[in-house]
Amino acid sequence: MSGPRPVVLSGPSGAGKSTLLKRLLQEHSGIFGFSVSHTTRNPRPGEENGKDYYFVTREVMQRDIAAGDFIEHAEFSGNLYGTSKVAVQAVQAMNRICVLDVDLQGVRNIKATDLRPIYISVQPPSLHVLEQRLRQRNTETEESLVKRLAAAQADMESSKEPGLFDVVIINDSLDQAYAELKEALSEEIKKAQRTGA
């Protein structure tokens, strides 16, 4: 795939990835583009098909995975999630820096491709803070909350693995985390601005 170097943003649910990503895309709308992932889960209130996710059936997604149409895919809480090659190519075709929001399994899958992105992990300051954030969302059942927290603990440990991420941001303060994210991407932003992304 050609075009500007992509960015892989990862971290546990509730760490603030989506909030940071929305802010980045708003401030740099002509520079970054969001790779819209596919999922077999049901939409949450306010989510739009084709904007937040492509909501598809398990059968359709399994067929496309088998056909090699996905850069990465993973299963969480009985639902499939994945990034299609077409979604990344669509952003790159606009000469924008493609941002992929993926889980840890997705990061490992992408490492095995020729994509060569910048890997950034967004982590909560603690598991306790993360639990508070997830409870405030009020979108999880107790069972799914327990699963998310277990996955988050593994994610937080893996973020310390040498060489897995280029940058790890601890999101204790949204403004500070956003400043760190922009700093981590400053060279790519400058390159994209010079080439008229």
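For all residues, glycine too, the Cβ spot is worked out from N, Cα and C.
ATP binds Gly14, Ala15, Gly16, Lys17, Ser18, Thr19, Asn171, Asp172 as Swiss-Prot records it, and from the list Arg58, Arg63, Arg137 the residue named for this site is Arg137.
In this structure, the CA atom of Ser37 (substrate binding site) is 17 Å away from the CA atom of Gly16 (ATP binding site). The sparsest Cβ neighbourhood within 10 Å, among the listed binding-site residues (Gly14, Gly16, Pro43), is found at Pro43. Applying an 8 A CB threshold to same-chain residues 6+ apart, the list for Arg41 (substrate binding site) reads Tyr53, Phe55, Ser77, Asn79, Tyr81.
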